[in-house]
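Enquirer: The structure's right below; bear with me while I get my questions together.
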């Protein structure tokens, strides 16, 4: 590989905005020895092509005090946290001076020297970084959002509207704080993925067992996993039998039985037996490593949508300035107009053209809507996501923990014995399960406790596990069995009705177990992941809102998925999916429908959440990674909040359009008043301030939208 084509990836701490990331990328590209560079803002990474040093890269990011670390040496431990006050002192100080200015204004008046000085300090402190960027862009005639905000604040200051200027500064500074917080949390969640799998494993080499770091484990090594341990590497079982909790990887709610030749994944939990596993992948190729990579790549692909106002400013602001200049010079030079009159008209046009109402029209609506959604238990991580929800054409749901409760419970108990009632049967079943360490034992024990079944007094003798079938034990000299149909093949052949019931429960996506003696089946007990009571109602509401495409995605088997999907009423069902399958399907949905949301709660959902137009997590049941990777979190595990946020988003979009239309309409009307020379500074101020006030009040209406 040539030096020019050599690629090195570095972790970057301190990137707080997309503009900073773009500037950093440009600076690195200009370094000697670097042929190209690409920043992944979402993951906090930069890929550098060519050869350079970390010190040189850090110099390229010195304007933001960026800290750079080679990804190979990067620690998964979170960086030392700075306090909110330390990181955002400029915002806090600015707010304090605005409060002091309000007090001074009420005592001494808005034109008093003290009031003006306090407002000036608030504007300078809160908007210092904004002004630096804004003026730099204006010098280059690059009319970005920063330059638009700078002109808005200066315009407000020139006409003496110090309060308005300071509020605009605060709104912009606060939006930057939210952006930085969201990105910091997202990066922390990605780092936490690295801690799912152990950093070392017990490996047998040449009949010697030793702990070896995962980076030194080779394909073909024999890994020994004891009960209760997490699996460090992907591999295939060569000896042993166990139940593996792999919900963090595949999303399956119920631990999966693993036997010889079955595949196991790094980061999953061995709950029951001793396993020997042959390693099949290097650490960088494991399933969990792929998930981390997919999350970071998906985050990097999502470019921040440029708001309409930011795009419009490139044409609006210079156009207003040009028109004002023409108003000042054309009438006096070519038509003999009075200079004083037309300078006044030009100044009035600049005042009415001040984009304050235009600038505020969107953020006031977004802030109000986000505040309302938070009060109603929906956390939205940015205005762009709130806007995107309003245009959703399809929503994909993870099954486990989202449409279902994510916790197995006993759904059916069917007794068949005339001599043993349900209480006695359940007491023996529970006593056996407490000794078995079966993955579903917790569901049976919970039912026994709810039904006040006395199972602790049952004495079990000669207990033993029957590998791959179930367990058995003696109670008062009678041997009882509980397990799969393999334990009762002869009894099932004799009873067609019991066999049909058992098969029917299995087809419903439930895990059915038989309880009985060597000669008779005494009961069937079925366990399943319960559907949330609200799921069917929520899907119906979404269909009424016009979102016709609702898709259930799951790692569970097809029978379970089909039964639950039809019960809930989703329009499509996709089962037996791995994380990469979910990601691929989300990308396909985006190509078909445009704007697509993904709702999930597990680590396996993280790539799909990141790749969707809007990633939505179930708060409470959701893992930290899903919550932080997602753009929206439904707190309290309440799926019913989904139709609310869709409705709120649509109303937000409607009000934003109203505000922008009204703001521009007022300015157009004022422009028409220039032609006959009727525009006065008083009319300009009233029009500008009136528009600002009205769009603000209109935006605040979003605080009142209810569920």
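The backbone N, Cα and C atoms fix where each Cβ goes, glycine too.
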Enquirer: Write down the single range among 116-136, 137-157, 158-178 that appears in Swiss-Prot as transmembrane segment.
Expert: 116-136
Enquirer: Swiss-Prot lists transmembrane segment for one of the ranges 263-283, 284-304, 347-367, 368-388; which is that range?
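Expert: Of 263-283, 284-304, 347-367, 368-388, Swiss-Prot gives transmembrane segment for 347-367.
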Enquirer: Need the matching range: Swiss-Prot marks transmembrane segment on one of 666-686, 687-707, and I'd like to know which.
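Expert: Based on what Swiss-Prot states, transmembrane segment spans 666-686.
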Enquirer: Pick from 317-337, 401-421, 422-442, 443-463: which range does Swiss-Prot record as transmembrane segment?
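Expert: That would be 317-337, the stretch labelled transmembrane segment in Swiss-Prot.
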Enquirer: Scan 68-88, 89-109, 194-214 against Swiss-Prot and say which stretch is down as transmembrane segment.
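Expert: Here Swiss-Prot associates transmembrane segment with the stretch 89-109.
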Enquirer: Could you give the Cα-Cα distance between residue 20 (Cd(2+) binding site) and residue 398 (active site, 4-aspartylphosphate intermediate), in whole Å?
Expert: 35
Enquirer: Within the domain 'HMA' (6-69), count helix residues (DSSP H, G, I), strand residues (E, B) and coil residues, in that order.
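Expert: Helix/strand/coil tally for the domain 'HMA' (6-69): 22 helix, 23 strand, 19 coil.
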Enquirer: Along the domain 'HMA' (6-69), what average pLDDT does this model show?
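Expert: The predicted confidence over the domain 'HMA' (6-69), as a mean pLDDT, is 83.
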Enquirer: Taking the recorded positions one at a time (20, 398), which has its Cβ surrounded by the most other Cβ atoms within 10 Å?
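Expert: The residue with the densest Cβ neighbourhood is 398.
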Enquirer: Should residue 398 (active site, 4-aspartylphosphate intermediate) be counted as helix, strand, or coil on the basis of DSSP?
Expert: strand
